[in-house]
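One structure below.
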Amino acid sequence: MAAFLRDAHGDSAAKLCMLVIGIGYLFPIAAIWAAFDYWKVLFPDANVEFAVTALYQVGSIITVAALSFTDSFVLGRRILGGFSGQFLCLAGILAFRWLPVAPAMLYHLLLGVVLLCSVATGYLDSALLSLCSQYSSNMQQYLQIGIGFGTLVSVIYRDATKLLMSHDIADATCAYFSIALVTVIVCILAYRLLMTLPVSRHVTDRTDLDEKLLDKASRLESPLPYACGFSPCGAKDSEESALGPSDFNCEAGTSFRAVLKMVWFNQLVIFANFVLTSFCYPGLITAIPCRQMEWLRRGHWFQTILLTVFTLFDISARFITHIRFGLYYGNIQWTAVIRAILLPLMIYCAAVETGSDLLSMAVVAAFGFLNGYCASLSLIVINEIPSLSTEQLKTCGRISACSVNIGLCVGSLGASALASALLKAN
């Protein structure tokens, strides 16, 4: 292990850290989703999965949108602040068991904590993709693998605690969220380690400069725009700084609006991919009934297995994003088209009584694989557009965070509407 951490440039350790950071990115909300069986016990008359998902996505997109238009920020403060907020939200859910309140009040408390969690994740979201864009495509792949692992880890935690403590779902849930808290702490430590490695020197050097300029903001004529980098007008070194004002147009070249004009098509593909993601996961998947495998109905084991199948195939696909099948930033829209073709089958499995449990598992597995591959690749190839400069890539990362969250929000709202339609039909 010591040799692993002391390789020539810390590349192996950096990849491991990026993977762990990716695990923590969406882990808290994935943990809440994975505990759907506990919420069904506490709130048997409510569609908790759909309500939680919709509220979380709305809170996230509002937070990310608001933060996207701030003039300046420090990556480390937002990332550490986001992880810390997620830790406190999970700790609050852990304390639910000992709160002497009625189920109706507890339901509203859950929604309140989910909203706070969405704000914390929004702070993390607004900086993490910008941070990732400053590393190689290989490092970005490890972040995407970590994001997949975040969902997988939450499901494995849930499966394990249910198996080991099958006699009491409350005890199992308590153990589950205790382990979740430890996981978030590990993610914080991984980020701090990543920033100390040689491969991150270019990031920490600019962050140090950014902090100094922010601290002296009151003495500057104008605040430092993050969209233009960590130095005035995006100058990256002394050679660029020596250029005259006419040699770089910071406002026109790296502003949010200017970069959006360059990457709008790819951002639309990212948006479409994540609409499909939250439209199906977790609400539509957990709404698929168990029809033939009667021994899996008790304890909602069939739906738990479906979530596990989805995450296993999702994470496996993230390992092969280096295999492109001819896809690149110019034709990445085919990922969304192929996934959309599979959507009617997902709805069929949830809504039609003649469906098959084996078919449901096969469709969920296929959708999970395409989710891991297509959503990850759409976020990776956008950073390979040759016309984007280093400073524009940072702004592109912020725009990608908005596209991801808007897509997840629209998808979750669509899933909620579908849930209402299914209830009326039944």
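Each residue, glycine too, has its Cβ placed from N, Cα and C.
Owing to the predicted nature of the structure, the values given are computational and were not obtained by experimental measurement.
Copied over from TrEMBL:
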- 12-36: transmembrane segment (TRANSMEM)
- 48-67: transmembrane segment (TRANSMEM)
- 79-99: transmembrane segment (TRANSMEM)
- 105-129: transmembrane segment (TRANSMEM)
- 141-157: transmembrane segment (TRANSMEM)
- 169-191: transmembrane segment (TRANSMEM)
- 263-288: transmembrane segment (TRANSMEM)
- 300-320: transmembrane segment (TRANSMEM)
- 332-352: transmembrane segment (TRANSMEM)
- 358-382: transmembrane segment (TRANSMEM)
- 403-423: transmembrane segment (TRANSMEM)
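Here the transmembrane segment (79-99) sits apart from the transmembrane segment (48-67); fewer than 3 CB pairs are under 8 Å, leaving out pairs fewer than 6 apart in sequence. Counting C-beta pairs under 8 angstroms (sequence separation of 6 or more), the transmembrane segment (48-67) fails to reach the transmembrane segment (300-320), with fewer than 3 such pairs.
Residues 21, 25-26, 28-29, 32, 39, 42-43, 46, 48, 51-52, 55-64, 67-68, 73, 75, 78-79, 81-86, 88-90, 92-93, 96, 99, 143, 379, 397-398, 400-401, 404-405 of the same chain, all 6+ positions outside the transmembrane segment (105-129), place their C-beta atoms under 8 angstroms from a C-beta of that stretch. Counted over residue pairs separated by six or more positions, the transmembrane segment (263-288) shares fewer than 3 Cβ pairs under 8 angstroms with the transmembrane segment (141-157), which leaves the two as not touching. Distant neighbours of the transmembrane segment (403-423): 47, 50-51, 53-54, 56-58, 60-61, 64-65, 122, 125, 129, 267-268, 270-280, 283-284, 287, 347, 350-351, 379; these residues of the same chain sit at least 6 beyond its ends, with a Cβ under 8 Å from one of its Cβ atoms. When Cβ-Cβ distances under 8 Å to the transmembrane segment (169-191) are tallied for each of 12-36, 141-157, 300-320, 332-352, the top count falls to 12-36.
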